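Chemist: Pasting in a structure now, in structure tokens, and then I'll have a few things to ask.
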Ligand code: HEM
Ligand code: SF4
């Protein structure tokens with residue numbers, strides 16, 4: 001885990017002081033609403049339907065237990081006692097007072113946290129795989145690169161006022177668990193024939209009004225040039241990205257308008273000029289960053305030892321077996337497993353946790369996972385390094401705190417934006433839709449039988465809930481002031497990323513669970529043994545689903 | 001293709017940068033000695049009709065008159081609008097005493113890139129002036145990108161803004177003011 005040194009502390013303290021001054025000027029009427037807006041956004045502060053909303057940065061999703069405890073304290077002291085994990089691996093508070101925000105930021109700074117660049121038209125928090133460093137399919141741990149990108153992009157003087165927000169995601173594994181193709185820049189760590197580390201670079205992905213899957217503009221960028229290449233991309237974008245229309249201002253529109261080849265040519269030309277400059281990642285710089293992510297003090301277990309213990313336990317306890325099956329993830333080190341704590345029991349807005357739960361997470365992390373936790377882009381929480389022998393104990397404790405719903409990766413582990421309950425941009429509510437679907441499909445055996453299935457819900461086309469890249473996507477739409485829901489099928493976020501296709505006319509909220517039921521029926525009837533929903537969909541296409549869902553009652 | 005920087009005389013004329021009486025240069029409040037010529041005055045400007053003294057010309061005018069104004073080199077500056085990129089001045093930058101970059105809105109960040117390129121790629125050593133609608137909260141960023149001169153719009157008690165130049169006293173990444181990014185400085189330590 002990255003630890004601040006005196007310079008980091010100083011920079012963040014200076015930032016808090018700056019924002020305190022800005023807030024005071026705003027409250028005193030010296031700073032106009034218009035001037036304050038981008039300044040507060042760059043400090044994570046939105047003004048929402050019911051209250052301001054504060055988005056706190058969790059760099060690449062990684063936190064220690066002290067930080068989690070501080071979040072618990074902050075939600076209690078300044079908010080209503082709960083917080084929300086977001087698809088960008090950050091944390092949101094829904095009810096802070098504007099006047100308190102400088103104090104909140106000061107409290108965060110004490111534990112090496114902040115809300116820098118969690119919003120606004122700048123380079124946002126870099127995201128990555130929640131299993132970074134422990135996944136078996138990983139080539140190289142992405143976190144040291146994420147940290148270098150974080151430092152390069154934080155307070156970047158040239159890129160604080162881009163045409164639009166800018167998101168970078170990094171993946172170091174074979175399976176893309178960071179949705180890098182849905183980002184403005186996606187970085188895939190690769191190795192060349194000589195075994196050297198480098199990067200495949202995707203640009204121009206993004207969701208929202210015009211969803212686009214990013215395209216690779218470089219297949220192998222040598223490790224040392226990562227930041228100069230990113231700088232070249234953002235510089236080209238800063239100069240040529242459209243600024244006349246905010247809906248056309250994203251880099252994806254520029255790449256599309258120019259053509260990926262021409263865009264790549266310009267980036268390469270810019271990069272040629274700076275690639276050997278100061279930004280180079282020298283071996284010392286990379287080593288230095290890697291030192292912050294050392295291997296934890298793993299115990300040595302004989303191969304298969306922990307698994308034998310688990311098999312016995314699981315044999316005796318079906319509930320534990322289920323949890324083990326769905327909520328844990330294989331670890332590259334013998335005797336360890338990664339655990340996902342589900343924030344998706346039925347009836348709780350996906351991603352919401354109370355102050356007590358935050359404290360419980362901190363405690364579990366201390367007890368079972370070297371004091372570290374990760375936020376996932378599916379809005380759950382991961383304890384990455386748990387001894388297999390301790391999984392049973394952890395499970396029992398997690399259950400007490402409501403985190404052990406064994407639904408990870410299933411239909412009810414849905415991504416869901418705050419929607420009309422909180423968000424002033426919403427066309428429709430999304431939390432009640434999530435809940436209605438969770439209620440209808442509460443039979444675990446059925447859910448397991450369906451297998452891995454991503455259901456993503458957004459309350460409007462801004463796509464905070466990633467509906468375009470859900471196997472099943474639900475989008476809130478407004479029809480003459482009434483809430484309706486459009487269904488999309490066939491999206492996916494991994495290395496075979498694709499955008500969902502609209503099934504047809506939208507549905508009322510009441511019709512949603514039923515509609516999802518029909519879609520699942522078609523899947524079950526058509527699937528080949530063990531096939532996942534997305535694969536069946538890719539094989540049979542949209543039509544059979546359409547026919548069933550819109551069939552006239554006979 | 002996106003529209004390339006629009007250089008024709010038909011360029012629509014938006015809000016033009018002001019030319020205040022006082023400004024901040026190199027951290028001090030000073031009198032403005034330059035006269036910034038806005039775009040879009042109807043009169044045809046020629047080298048001969050140009051009033052004496054220090055003038056800052058719009059890029060298109062300067063490009064047209066550059067040859068003819070060789071004799072007045074030390075008193076001719078140029079300003080870039082936000083859709084005009086630094087390469088349009090290019091190597092000529094090294095000969096100029098002053099370049100200004102316009103911020104039609106403070107959220108239009110193109111001037112930051114223009115400044116860095118002028119300083120770092122095109123060898124510009126003279127006064128680099130921010131004009132238009134930038135705000136004090138951007139001073140540290142502007143400074144880091146190479147601006148050393150700040151012509152705030154309207155009447156402002158400039159002395160009171162100086163403190164904002166020190167909002168940040170250190171930085172992570174390399175820029176005009178900092179030869180090495182922090183990760184290289186730290187790795188050395
Ligand atoms: C309630 C406060 C929120 C507001 C006002 C808000 C606003 C927006 C807006 C305006 C966009 C569209 C930007 C664009 O054009 O790309 C957007 C996109 C997005 N937001 Fe939110 N959002 C909110 C909450 C959230 C939450 C809670 C999450 C995570 C759960 C989230 C994650 C995202 C993501 C992932 C995108 C997609 C952007 C892309 O990749 O194109 N937002 N949001
Ligand atoms: S998708 Fe729309 S409704 Fe949902 S949080 Fe984003 S902006 Fe709000």
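Every residue, even glycine, has its Cβ placed from backbone N, Cα and C.
As the structure is a computational prediction, the values presented were derived from the model and not from experiment.
So TrEMBL lists the following for this protein:
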- A:53-111: domain 'Nitrite/Sulfite reductase ferredoxin-like' (DOMAIN)
- A:119-273: domain 'Nitrite/sulphite reductase 4Fe-4S' (DOMAIN)
- A:347-400: domain 'Nitrite/Sulfite reductase ferredoxin-like' (DOMAIN)
- A:414-549: domain 'Nitrite/sulphite reductase 4Fe-4S' (DOMAIN)
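How buried are these features, and what lies next to them?
Modeler: For the domain 'Nitrite/Sulfite reductase ferredoxin-like' (A:53-111), DSSP puts the residue distribution at 30 helix, 15 strand, 14 coil.
Summarised as a single figure, the pLDDT of the domain 'Nitrite/sulphite reductase 4Fe-4S' (A:119-273) averages 97.
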Chemist: Using DSSP, break the domain 'Nitrite/Sulfite reductase ferredoxin-like' (A:347-400) down into helix, strand and coil residues and give each count.
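Modeler: The composition, in the requested order, is 27 helix, 14 strand, 13 coil.
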Chemist: Check the domain 'Nitrite/sulphite reductase 4Fe-4S' (A:414-549) against each of A:53-111, A:119-273, A:347-400 and return whichever range has the most CB pairs under 8 Å.
Modeler: A:119-273
Chemist: Summarise the domain 'Nitrite/sulphite reductase 4Fe-4S' (A:414-549) as counts of helix, strand and coil residues per DSSP.
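Modeler: Reading the DSSP string over the domain 'Nitrite/sulphite reductase 4Fe-4S' (A:414-549) gives 53 helix, 27 strand, 56 coil.
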